[in-house]
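This report refers to the structure that appears directly beneath it.
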């Protein structure tokens, strides 16, 4: 196993970083570039930026802030939001992103995954999956979660979509466990373990980090390749250098800070 990755997630709306709870009630957390520079200095392994309004609003990501981030940081970063075709993806990568992530557009047209993988290589193509547990006990996917008024429940089971996304060429899966998002009670280990059993590409856990032990738990118990978090990093509740020191003490291999 390679070193586990620590990945701050920055949800972007109207050019600012925001954060909600279970994808609702977003509040302003700060400037995109300022936060990106802070995380780079703290030793984040990479960054993920979600333009959360892009897909619900039927537009592509704003390239201007992608270019600003690319000029100032030297760690890998991934961009998501309204990337619905090869040309849009090319523009985002040309602006400086290392990877692109697709979610709602891929649910609407799964072949997009293959088109992007063919154009740029699977290493550039991340598929984000917003998943929630329904009353029958099954996890199913949601679309357009960046706007609660437009969020759609789909009949597709999360596990089936993970398998299909890999078949089509996804190079990495980010599983956003919506039930756990922003509540800081830990990652959804049960769901992540089921996904891990059939996921043969890097798997990133998202949703639920509240304390350092939660990161250790998700690495040890769900065998994920990376852990993504937002509110605990934005608020300063968990400083990344201290987190990495804690994980090393738990015999979990992480990269040294920058």
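Each residue, glycine too, has its Cβ placed from N, Cα and C.
Features as listed in Swiss-Prot:
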type: ACT_SITE; residues: 11; note: active site
type: ACT_SITE; residues: 130; note: active site
- Message: Can you check which residue among the active-site residues 11, 130 has the largest number of Cβ atoms within 10 Å of its own?
- Response: 130
- Message: Quick check for the class: what is the C-alpha distance, in angstrom and rounded, between residue 130 (active site) and residue 11 (active site)?
- Response: 14
